[in-house]
Structures are given as C-alpha cells and as structure tokens.
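Enquirer: Below you will find the structure I want to go over with you.
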C-alpha cells in the first residue's frame, strides 16, 4: 500500500480516528492502537494538556493528535479555538468543524470557508469537515486547505457512502488529499470509499459504539487497506452480465 | 476470526475462489496463494487429472479443489459430471452448477434441486449455486446440501450485493453455511456480505480480471476477514442522524 | 398508453390489484374503483360465490376477478384450488401462488412450476407469482404460463424494486407479459417498474394500508400510466454529468 | 392535490420546467403545455423580450416565466443579471444559479448565499439552486429566499434522488417550499421526490431529450401528481417482511 502524503507528513495508515463515544478511556486506547491509526482527532474543549494526569492524552501517547474545533458556531470562534489548540497541544494541524446545529452536526459551508482562509493565512495545516460539495471543496483547496474532508452521510448515522456521486467528482477534481469523513458505519463502507480513490477515511462512531471496539478497529484497519489495495490494483469493471471467457479459459475456467 | 465448519472440514479462510479468466496459470497460482483460499472451484471438463503434466493442478498443489459441474444442462448431466469428478479428483465434494442459458449463466432451480437430492443420496458433499431464493435454499438444505451458494448479482457482473434483502432472509433461516457466490466485484462487496452474516464468499472474476490479480486477491482476503470480524463485533446500528453523546463523552468527544 | 394484451383479453389499465388488508369492504370497493383496475385478485378460500349476499363480490361487480391459490402448500393443492375457483367464479384464469412458509410468503419455485404445467394442460390461463428468477420465468413461459409475476421485494414489505437487476433480464427475455408483483410500496415504485418495461404491476398492501386508500389508489393509477408513457417515450439516458448543449440551445437554454 | 403557495403566488401544478435542450421551439412549446407547468425557467441571456418576434416567448405566452442567472460566475454578476431580467421580463422572480464550473454546472454555495442576501434586500423573489446542503438551505431561508432548490443529482445526469438522505433533512427543517431541482431523469424520480414531501420539482433535461418530449411531459405531470397524492395519503411503512393480516382479513384477503 502506498503511503499517504498530507501536508508535510507521511502516513502509513489511511485510517484516521476520533475519541468520541467510547465506553471508557482504556477501551478507547486499546481500540485506537488496534486500528493502527496515525492521526486521532480530539475536541479541544475536552483536552487538559496542562494536566499531567490527563488520562486520555496519556493513553494516546505516541499517536499524533489532530485537535478539532467541534463546538464552535462560526468562523471567528473556530479561528480562536484553533489558536488555543495550537498552544495547548503544540500542533498547527487543525480539523476545522463548524456545525451550528446540534441535531445533525452538519457543517456550515460559509463559515468553514471563511475560517479556512484565515487559518491557512495564519500558518495552520487546515483539514475542513464539509458537505460533499465539489465546488466548496475546490474553493477550500484554493484557500489553502491541506486536505478536504467531505462527509459520506450524516455524522453518527452509519449509513455509508450516501454521497457517492459527489465524492466521485470531488476525488476527480481535487489536488489535495480527500479524506472521507462522517457516516461510515461498517468496514465495507470504508473499503468502498478507498476503492473509489479516497486518500483516507475518518471513522469514529462505528468503532466506538460497537460491542467490541477493539475488534471493530482491527476490522476497519484491514478494510481500509483492502480498499486501497483494490484501488491500486484497479477494480474489474461493472458489466450487465457475464462476458464470454477469454481464449485462455479454453483450459482454465471456473 | 472464528473458523468455518462446512461438512466435515474446518476452514480458516472464508474466501473461496475459482480458476476462470486468469491471464496465465502462473498469475492464477500466485493470486490464489495470496488469497489464502482453502477451497478452489475448478471446472471438471478442464481438468486432466491423469495427465501428470497438468500445469494448473500442479500449481494448486496443496489447495483443496472443489470440482464444479459447469457446462451441464440438467440434473442428469450434473450427476454424471459429479461422478466423473469424484473419480478424477478423488473428492466427493461437488459444486453443483446448472445454468442452461449461456448468456447470463443463471442457475436453474428445478434441475439444481433434483440433482442435489440425487447427489446427496449418492454420498456427495453438495454445494449448489442458486438464485438468492429463500424457499429454494431451504429445500436444498432439506435435500441434504452441505451449504447453499446464493448469488449476489449476475455472475461476472461485479455489481455487488444486489440480492441483499433475500440474502438476509436466507441467512436468518439457514441451518447450513451460506456462501455468497457470483457478482461480488470489489473487496467492499465481500466485506458487506460477511458483515451481514454470510459464512463465506466465493470470488473469481473480480480477482482474475483485475489489472493486478495478486494484489486484488490479497485485498479480498483482508476484506473478508474484516467483514467477518465486524460481524463478530456487531456493527453499530444505522440511525437517521447523530444521537446525543453518552455520559462519558462529557470528557471524551470527537 | 398502449393497451395490454394478456391471453385473450385486452386491458386498458396496467394496474392489477388485490382485496387483502383493507379496513372495510366499502373502503376496498371505493379504492379499487378509483384505481381503474380491470383485474382484482381474490383468495378463493374467502369467496362465497354461491352466497347471494356476499358483500365483497357485490361491491366489485363489473371488475373481472382473478382467483388466487393463496393458502395452498404444494402443486397438488394448487391444482385442486384452481379447479374449485373455476367452478365457483366461472373463470379459468388463476393466479398461482404457492408459498408454504407463513412468515415471508415467498413462492416455492418447484411446486409452482409443477402446478403451472398441470394447470396449463387443463386449459387454465395461469399467472404464476414467483421469485424474480429469470430461468424459472423462462421455464414457466415454456410450460404455458400466460404471464409471469415476479416479485419486486418481499410481499408486504413496501421496499420497492429490490430485484431490479433480475427483472431487467426477465423483461428482456420474456415472450409473455411480465407483471411485477409484491413489494411495490409507493407510486414511484410502480412507475419505475413500468419505466423499465414491465407490462403491468400488481399492488395491494400499499393501497390497502395507506391512511387514505382511495387517494392512494388514484396515485398508483396515475403513476402506472406515467411510467408506461415514459417507457413508450423512452427515458433520457443516465450520464455521469451534464453534457454540452446541442447547437439549438445556442438560443434555447435553461 | 393541495395547491402550492410560493411567495405571493398559488400554483396548481407542482412541476416546474425549463426551456433548454429541446429539439425545436414548437416541440418545446407543445411539451411545456402538455406538462401543465405554471412556471418555466429561462436563461436571461437567451431572451430578447424587446423583440416582438421572439419565437420562444411567443410560444410560452400565458405561462409565467422564471428568468435564471445561468452563465454568471459570482454574486456580483448574478445581481446584475437579475436586475436586467427584472427589466426585460417585468418580473421580480429570479432563479439564482451560480455555477462557475462549466463541466458539472454545480452551484457555488458562497456566491449563492451572498447573491441571495442582496437580491432579497432588493425585493426579488429569490429561488436559489443549491447543493442538497441542509445548513446552506437554512441560511438561504434566513437570508430571505422564497424557496430553496436543492439538487437531486448532478444536473443533466438523470440519476434521480441521489441526495435522498439530505433532502429528508432539508424538507424536515425548511419553512419555505423545497423544490427539488436537477438530476431527476424519470417520472418515478419526480414521484419519489414528491412522496418524501418536496413541495415541487423542476424538470428540464429529462423531458427535452426524450424521444417524445410531449408524451414525457405528460408522464412527469402525472407522476408529480401521483407522488403528491401519495404524500397526502401517507405511504405504507417499509417493513422487513409481510405482517400478519388484520382481523378483517379473516374474510378479505389477497
């Protein structure tokens, strides 16, 4: 599997994860380690980096953190949160999330673009969570986003690749990595996102609320690798029915 | 991953494969080894078991073969072919395929049931390839089939789980293993079949006609394991939108 | 809209209906009249044709009835039921339904084919309800069925065209009318079945259990006509994205 | 069917149409009349309202026109185009379309919101064409849009309701009419949009490029009415399999 270059880092794992909804810190830690993830998003508001006993951060030691701006309502708050995160966690990477509505947690395109422009100008590596809107993704790229993170389905819904037709366009057009975020509820969904050419996926809920998060994390890890390998090997085309066998199958045939 | 018991054998791999449509015997051999498969179906008519130089059989040495009756047009011919296969390959396992129409290669339910009854009576381990017809699958089980092999989509189409709603019923009702066969065109399709509780899958075309069959075989291998593990760990439920965070997420939240 | 020829009758309406699950006989009667249907299936066991006060039959007076064999468990019982229906209702048309399992009401392919052969020999106009199995449909046609009635989804599920890929093959191959039966839960489902070239649809549950069966019956009536007209006018092809405008649109453009 | 109130007008027809891609003006005129439409969008740049011989406008006489801003690249140009349209066509209704990319014609969320704010302030009845982005739709409503026009699929693709999961949220949240626009390729797609509670649909390509635009227009007309009636009558719920019959069906059963 080819490594992923994102901004100035190289990733062996194409499975990004989060820290929400786990039943305990120890389960979370074990699951994230099992996932092989090399980037874990964490809500700034929940981090107490100056607290040496912060159990969560201790458990994740060694795995790079990606602070996110979850909870902010507009661009101004997002920029402020990113600056706080930079200080607290000593990283200029930021997952930009602006979803004012508490019910669906869907991202606001206007505020997100405004914040991305400002944060890029301030030297951040900006990874914006957005609707699967090809025009918005292109504008975010032009504004200096290091990647785009379009959603597959409403966050937490586990519905899978509901935005397939738009992700296809986003992937075809993008010159920055495309990380499919939100709504991937099963390893098969993550594999399918990779098979269509996504550069990475972010999975949180589907791992955290499984009956066995550690095993589910392993399953997602393998599925992401499988999907990426399939993309590299090129999928067989979808056809309306079986085609006649090739000459070789005169003696090799199933 | 739990092993699979099918008739009197135990399988570590839940990925069954075939030998059709590969570009060469050496690619086929390498791909099937990479797939980790422990059961490879092969058309009887193509096997020359008495020929010590049979290149294909030599390459597969050590991987159990599952002769199939591909090419027969009715139950009578199928029973005859199975008996020939038993002698030639010294196995009483038989994949029962009766698809009179050369265009779609779809199985004939009537002839398949008749042949299954007869072959079970003759002591064969019968694995019938059938439409995803829950009543037919139940009747085949009652007739003594060791497993049922319902199709996911027209064979060779690579369309994926088009019979999802019927496979669900078949899996819920079956007391013999359910092996999803035909139409799985991507690792994500195979993972999805396993996630819904299939006991195994059979993949041939999607591996054989990929640009890189060896890598694709590995991808399917991982995807099948991922799907099985996800089934064992239980998928998170599909919901219409994000649910409120659990109490714990007062401090752990993505 | 072109009329439908089925056996020796011509139908203006391509919406066949049933009598199950309505809240009252009067609602049923009004709904079936609103549907414009010219063929209503009715379970023989529920008909008391010799009872001059049979409210249901009275309400339907003028609409041709299609007795069905619902409740029988095998071919022998089906043939007997068909003969009783012929006498009681003075019609040699029969909807052949053999679904031994009371949970899913899915049809048995083996018994259905056996009964169809016998009933055709006995001079019946046989309309068998079957799984969307292209090989079985072809065999039923060869056995003398006047039409085939493949299911769209499990009966009563309202899931819509879940068997699309197989209905496509059935429609392409069939030389008798194809009536899509079971599982159509919305007018859009019925329209889609007609758009793909089905000759007619049968709808019962979706009308009967609606909050307003009369209005829903009208909606299905219009949707079936719309779908048929669209098929006659040919749908625009599905493309991956907008194509360049034609020369004419130099001055006509949206 | 209930009439639709949109801004200060009442519509009997819930099928909005366009003028692009027709083979001739006469076919367009006949098709639009057959569709029963009461609102036809037309590109300002193509209209020569001061030309008494403008064949297109003459043909549509009596059908209200909805000028659109197709061809503009940003908010500033859109506002200018809307003002020109107001003068030329003597209507303050405007379909706001800003899609800078000529390949996919997908709308720009940022420019669209900016233009909608300005146009609403200038007294226009603004109907913006947008991605199926629930947050954006809410912001457009707050900015004074008279309706929102989210897309079903890439324009001209005929793919149908690819944004179903997001349209569901938009419809649930919106306090202005929701008109599903772009991508509806078949009457069944239009019916499905109405069944889920859309207030209206806009269809152009699917009618214009059909082999028989007049008949296709009639088909869409009926399908839209059918879908609306089904929504008013409430669809039967989707269930996993047939439910037991109600008591009444002791004597009424299909």
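Note that Cβ sites are derived from N, Cα and C of the backbone, with glycine treated the same way.
Note: TrEMBL annotation is automatic and uncurated.
Copying in the features that TrEMBL gives for the protein in this structure:
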type: ACT_SITE; residues: C:95; note: active site, schiff-base intermediate with DXP
type: BINDING; residues: C:156, C:182, C:183, C:204, C:205; note: 1-deoxy-D-xylulose 5-phosphate binding site
type: DOMAIN; residues: C:6-247; note: domain 'Thiazole synthase ThiG'
Enquirer: For residue C:183 (1-deoxy-D-xylulose 5-phosphate binding site), list the number of other Cβ atoms lying within 10 Å of its Cβ atom.
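Expert: The answer is 27 other Cβ atoms.
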Enquirer: Which recorded positions among C:95, C:156, C:182, C:183 have a Cβ sitting under 8 Å from any chain D Cβ?
Expert: C:156
Enquirer: List every residue in the same chain as residue C:204 (1-deoxy-D-xylulose 5-phosphate binding site), at least 6 positions away in sequence, whose Cβ is under 8 Å from its Cβ.
Expert: C:17, C:18, C:19, C:20, C:21, C:41
Enquirer: Would you mind listing, in sequence order, the residues at least six apart from the residue listed as 'active site, schiff-base intermediate with DXP' in the same chain with a Cβ closer than 8 Å to its Cβ?
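Expert: Correct list: C:41, C:66, C:67, C:68, C:69, C:127, C:128, C:129, C:149.
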Enquirer: What's the longest C-alpha separation between any two of C:156, C:182, C:183, C:204, C:205, the listed 1-deoxy-D-xylulose 5-phosphate-binding residues, in angstrom?
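Expert: Greatest Cα-Cα span of the listed binding residues: 9 Å.
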Enquirer: Out of C:156, C:182, C:205, which of these binding-site residues shows the lowest number of other CB atoms within 10 Å of its CB?
Expert: C:205
Enquirer: In which DSSP state, out of helix, strand and coil, do we find residue C:204 (1-deoxy-D-xylulose 5-phosphate binding site)?
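Expert: The residue in question, residue C:204 (1-deoxy-D-xylulose 5-phosphate binding site), is coil (DSSP, three-state).
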